[in-house]
Amino acid sequence: MSGRGKQGGKARAKAKSRSSRAGLQFPVGRVHRLLRKGNYAERVGAGAPVYLAAVLEYLTAEILELAGNAARDNKKTRIIPRHLQLAVRNDEELNKLLGGVTIAQGGVLPNIQAVLLPKKTESHKPGKNK
């Protein structure tokens with residue numbers, strides 16, 4: 001009989017996601033699928049979704065860290081859109097990157113023009129004018 005013999009072959013290894021292989025939290029498989037379905041190019045390389053997922057994860061972590069700092073400065077434990085707005089607009093590089101982006105319920109940065117501020121008057125001290 002030509003059988004397979006004993007099933008002493010190697011057991012199949014546990015499946016490991018591409019995200020965990022790359023050490024990422026963002027889904028590499030989903031990014032790959034979106035790149036393929038988005039008609040950006042005829043073919044998509046294996047490294048492209050890993051790189052893009054890593055960039056997206058880094059930018060998200062950067063914004064969330066700054067927004068968390070803004071929330072802590074306002075003595076809040078929950079990040080709201082206002083904190084995201086303050087985080088992005090107070091950071092020079094993120095503000096340039098997201099210059100054309102409107103954050104809903106974000107408000108505006110507090111800013112008063114210098115000409116509108118009250119003028120500081122010189123106080124007359126005795127003994128100075130002679």
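Just so you know, glycine gets a Cβ as well, placed from its N, Cα and C.
Summarising the annotation, Swiss-Prot assigns citrulline to Arg4.
Marked as compositional bias 'Basic residues' by Swiss-Prot: 7-19.
According to Swiss-Prot, the feature N6-(beta-hydroxybutyryl)lysine maps to Lys10 (among others). On its own chain, Lys10 (N6-(beta-hydroxybutyryl)lysine) has no residue at least 6 apart in sequence with a Cβ closer than 8 Å to its own Cβ.
Cβ neighbours of Lys14 (N6-(beta-hydroxybutyryl)lysine) (same chain, under 8 Å, six or more residues apart in sequence): none. The N6-(beta-hydroxybutyryl)lysine annotation in Swiss-Prot covers Lys14 (among others), and the record cites experimental evidence as its basis.
The N6-(beta-hydroxybutyryl)lysine annotation in Swiss-Prot covers Lys37 (among others) and rests on experimental evidence. Lys37 (N6-(beta-hydroxybutyryl)lysine) falls within a helix when secondary structure is assigned with DSSP.
The annotation N6-crotonyllysine is assigned in Swiss-Prot to Lys37 (among others) on the grounds of experimental evidence.
Annotation for Lys96 (N6-(beta-hydroxybutyryl)lysine): no spatial neighbours, criterion Cβ-Cβ under 8 Å with sequence separation of six or more. Annotation source Swiss-Prot lists N6-(beta-hydroxybutyryl)lysine at Lys96 (among others).
There are 6 other Cβ atoms within 10 Å of the Cβ belonging to Lys119 (N6-(beta-hydroxybutyryl)lysine). Per Swiss-Prot, the feature N6-(beta-hydroxybutyryl)lysine maps to Lys119 (among others).
The N6-crotonyllysine annotation in Swiss-Prot covers Lys119 (among others).
Taking Cβ-Cβ distances under 8 Å and a sequence gap of 6 or more within the same chain, Lys120 (N6-crotonyllysine) has no neighbours at all. Here Swiss-Prot flags Lys120 (among others) as N6-crotonyllysine, drawing on experimental evidence.
Note on the compositional bias 'Basic residues' (7-19): residues 25-29, 32, 49-50, 53 of its chain, located 6 or more positions outside it, place their CB under 8 angstroms from a CB of the stretch. Comparing Lys119 (N6-(beta-hydroxybutyryl)lysine) with Lys37 (N6-(beta-hydroxybutyryl)lysine), their Cα atoms are 61 Å apart once rounded.
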